Amino acid sequence: MNTLIAISGLGILSLIAEIFNARKAIVPMTIIGLLAILGLTASEFGLDKGYYNNMVVVDKFSSAFSCLFIIITIFLVAMSHDFYKNQSTKISDFVAIKVFLLAGAVAMVSFGNLSMFFLGIEVLSIALYILAASNRLNLKSNEAGMKYFLMGSFASGIILFGICLVYGATGSFDLKAIYQVIHYSNFPQWYFIGIVLLLIGMLFKIATVPFHFWAPDVYEGSPALTTATMSSLAKIVAMAALFRLVVKLLPVQSYSFQVIIVCVAIASMLVGNIMALRQNNVKRMFAFSGISHAGFMVMTLLCLNNAASVLLYYAAAYAVAGIAFFAVVIYVTREKQNETIDSFNGFGKTHPLLAGILTASLLSMAGIPILAGFFAKFFLLNQLIQTGWIVLVIVAVIASIISVGYYFKIILALYTKDSEQNLPAVPLAYQIVAVLALLLNILIGLFPGYVLNLLG
Amino acid sequence: MDNILQEIGMENYIYLSVILFCIGVFGVLYRRNAIIMFMSIEIMLNAVNLLFVAFSTYHQDAQGQVFVFFSMAVAAAEVAVGLAILVSIFRNLNSIDIDNLKNLKG
């Protein structure tokens with residue numbers, strides 16, 4: 001609860017800083033503020049308490065995920081100063097929107113009432129619509145914003161209808177009251193229609209097959225920093241919220257629900273990875289790679305009792321690798337019209353450090369040992385074998401092997417091709433963010449126990 | 001209020017809301033004018049609001065009506081952002097036809 005209030009206050013503060021002409025101080029001030037909030041959230045870890053009639057429930061799950069979201073937002077804010085240097089008069093807006101987006105994200109993992117969940121998802125989505133269309137003179141950015149807006153609000157409508165049916169069947173928005181009703185009394189069977197509508201809406205937001213078609217266009221058209229926000233932050237927020245929803249609203253899963261999840265996961269992993277093979281645009285390729293990772297994360301819904309820590313680990317590994325990847329991609333492509341793989345030709349010879357970081361983050365996503373991505377997949381598949389869905393494990397391994405193909409396309413361009421392009425000097429912010437994100441990735445890869453034991 | 005609900009029947013409220021919601025869904029899927037698509041999304045949200053109020057009366061519980069205020073406020077904020085995006089598209093393209101947005105393909 002304190003986290004949520006402090007984040008909202010920080011967002012307002014960074015808007016006020018604009019009035020006092022303190023434009024240069026906004027980014028450092030926000031980073032320091034977010035670090036303080038990170039400390040506050042970490043100090044509340046282990047608390048299990050509801051606030052305001054259970055509107056917000058702080059527990060281990062919500063604290064751990066909030067910490068992860070805050071860390072990712074710190075990286076994103078740190079890159080904003082240089083990324084928006086052509087629009088420096090609007091820096092306070094961009095930073096404030098990112099901070100408000102974080103507030104929505106925290107609300108989405110710490111809700112105790114469905115109205116809080118709905119408000120959280122809307123705060124997050126509306127902030128992302130603005131960020132996607134924020135480069136307003138560029139037609140591609142406009143188009144991405146429009147497509148994201150239409151698809152996002154369509155999904156919001158479906159989620160709202162699902163909430164309405166759950167309310168109609170149980171007579172309450174409070175998760176504890178709903179729990180009482182579905183365990184100890186008769187309730188109409190269309191309660192499950194509500195659950196399915198909620199599931200469809202959330203799968204839209206996570207971008208899994210069959211609800212993935214918006215993702216490649218939106219990721220390609222948006223400004224690169226927004227793409228980083230969507231792919232790293234928004235995806236894991238939606239996934240964590242879906243996990244919490246299913247844990248609270250559907251404690252006992254029928255076989256047919258499990259079959260739906262298995263089909264969605266298999267389709268996402270295969271379609272995402274196979275489509276990514278034929279992409280030439282890096283952002284578009286990353287969108288398909290994100291679809292396949294969403295398929296991996298959705299699999300945690302099959303073993304709800306002990307998968308929370310695996311989901312946290314997978315989300316952390318994926319998001320941190322994504323941040324390191326985008327820190328380099330933003331630097332390489334910021335003067336260019338589009339982000340083809342050719343932009344990376346010969347980058348390994350001119351910038352060995354950044355090229356090494358890019359390679360390492362790609363290897364982490366492909367699942368090569370030492371890096372966190374490998375252990376994330378390892379723990380996830382380990383859990384799945386215990387649930388008995390061997391088919392899913394086999395498909396996941398095949399999908400990982402396919403994914404190596406397109407990740408190595410970039411790595412080959414880095415080291416084997418030559419080019420005469422002259423890139424300007426590397427801004428310090430990108431370098432620091434890339435190095436820190438990769439270090440974090442290697443650390444959670446080397447000491448997985450610290451993350452896995454958090455949610456016990 | 002109770003009498004009206006009993007006379008008309010709860011299920012008729014549900015049918016009406018579902019029909020309105022489906023009109024909204026098909027509007028989004030089949031119409032190509034951005035403004036009409038926005039209106040269709042509004043119809044979807046308002047159909048749900050109607051159902052919320054009906055359920056609220058049915059359960060004799062005020063939470064549903066309070067939720068309607070939240071969802072109306074959110075819908076207003078959403079449409080404000082959507083119209084702003086539409087204005088910037090109109091400035092670039094001089095048209096609000098969704099079919100003109102074809103730059104992103106692959």
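Placement of Cβ uses the backbone N, Cα and C atoms for every residue, glycine included.
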Looking at A:62-79, A:116-133, which one does TrEMBL call transmembrane segment?
A:62-79
By Cβ distance under 8 Å, which residues at least 6 away from the ends of the transmembrane segment (A:25-42) in the same chain are close to it?
2-3, 6-7, 10, 13-14, 17-18, 63, 66-67, 70-71, 73-74, 77-78, 80-81, 91-92, 95, 99, 102
What stretch, picked from A:62-79, A:91-111, A:225-243, A:286-307, A:428-451, has the most CB pairs under 8 A with the transmembrane segment (A:190-213)?
A:286-307
Using Cβ atoms and a strict cutoff of less than 8 Å, what residues sit near the transmembrane segment (A:91-111) while being 6 or more residues removed from its termini?
1, 3-4, 7-8, 10-12, 14-15, 17-18, 23, 26-27, 30, 34, 55-59, 61-62, 65-66, 69-70, 73, 76-77, 80-81, 84, 117, 119-125, 127-128, 130-131, 134, 175, 229, 233-234, 237-238, 240-241, 244
